[in-house]
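Below you'll find the structure, written out as structure tokens, and then a few comments.
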């Protein structure tokens, strides 16, 4: 039975800097508030993202390429801006106060966006069924609102407790579960409201949802654990290591690790900092820790190992960009593809094309509990790994499912083009006599793939990041999605320019009934297969954090003394 008076062993404190009791803070007690926040916040985000491409084409009257590019660019900005927030959180004011500041910006952006689609002078006008193109001022205000959201756009378990660390394995699954629960409401409910009851109401509801999510988050404040912010500039250390290694490139690296520069272990224990022991990967960086006679202080082995860790994460991150590009199709080309198909359900109801995203969400919501409750325990018995399979194995399975999904999308598009040819369809507004449910397999497969891929990425980058850089490490996940969106924007632009060169027909034209989306999807399949080969090679070279292996081995866990001070605090999200 757990002692009610035992403090957390990882040095976490409350918002006032006082040690916290393990039994009364953190764990699922705190995570329930975080999961509630995530559900409401994701409802707000997907309430915009899932149908934005239709708003740009039907209300702002943008062409297909421009709308896809602008949705990708905005989504990319939303996912990549957390890098700046994470750096500020880890190095200066902590995650709690960084979150508070960014939330105010987020709410402001949502209010401005609701105004942009509601206030008459800020949106294009229509008369007798003919709509004017949006003015420069209207476009500027709309995108200013969007990018304000982009500017504003986890854990509560003790790593030094075996029991809590095993609980954390499930946290990332349920974090994404709650995220997609909010997305499900957005793609089913909000999308219908936007297209049938008005865009102002459709954006006003997620704005209210965001405010509710913040209330839920702050109600849980007494239960959160916070980390003490260290004063050193971590980014500066990351830059210093390769520079020092380059300066010492002509020196012989000693075979004995003890000859490299490192501080006494007592220093790390007394300051509460994490000492990282030497590894054999990226040996060229070890030269940064060589003791020289130049008088310049060399980097410590710990700082070199942190740089190695970040380099290893970067290599894995690079091979996740193409999979993120595949996911970018859900809110862009998949939606546009759906607008051409028969969307009737019964005699009166028409399915909004953007509600296709609910297929992704539903399959994901159904798969997460099955993965967590059945797959993981089954594989745990087979492999002895607490996660069932390694995180990189999980990613690999997800990537393969994604490739299959895009291949299916290409095959369905070939079918659609045959129907178009059979019925002599030429106009972009003509409905192709083919049910929208033909798009169910590709969306469902992406949802199943996300259980392995998206959740695996979040867990991998968080878990494998250096201890003092876990916020920055987590942004590997968000920035990968962001750059994946930017990459898709670049690809659709270049494919359009190349295919229309010399008077040719664009693969992604304004008239999707006279385009070749199947070729573009096929192109994505080819580059994904090449990327899969690179992932397998990179994953085979990757070395996991040694402390994770020791913690899960069932042996003793070393208790480190923590120096509690009045430095800025960071909430453990």
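Cβ coordinates are placed from backbone N, Cα and C, and glycine is handled just like the others.
Residues 474-495 are the range that TrEMBL records as transmembrane segment, among 430-451, 452-473, 474-495. The stretch that TrEMBL tags with transmembrane segment, taken from the ranges 290-309, 310-329, is 310-329. Of the listed segments 391-412, 545-566, TrEMBL assigns transmembrane segment to 391-412.
The feature transmembrane segment, as given by TrEMBL for the ranges 74-95, 96-117, 228-249, sits at 96-117.
Long-range Cβ contacts of the transmembrane segment (199-220) within its own chain (Cβ-Cβ under 8 Å, at least 6 residues beyond either end) map to 30, 32-34, 36-41, 43-45, 47-48, 51, 55, 59, 99, 103, 106-107, 110-111, 113-114, 117-118, 182, 186, 190-191, 193. Two recorded stretches are said to be in contact when at least 3 C-beta pairs lie under 8 angstroms, sequence spacing 6 or more; the transmembrane segment (391-412) and the transmembrane segment (519-537) meet this definition.
Cβ atoms under 8 Å from those of the transmembrane segment (519-537) belong to residues 319-320, 322-323, 325-326, 329, 333, 395-396, 399-400, 402-403, 406-407, 409-410, 413, 492, 495, 507-508 of the same chain, restricted to positions at least 6 beyond its ends.
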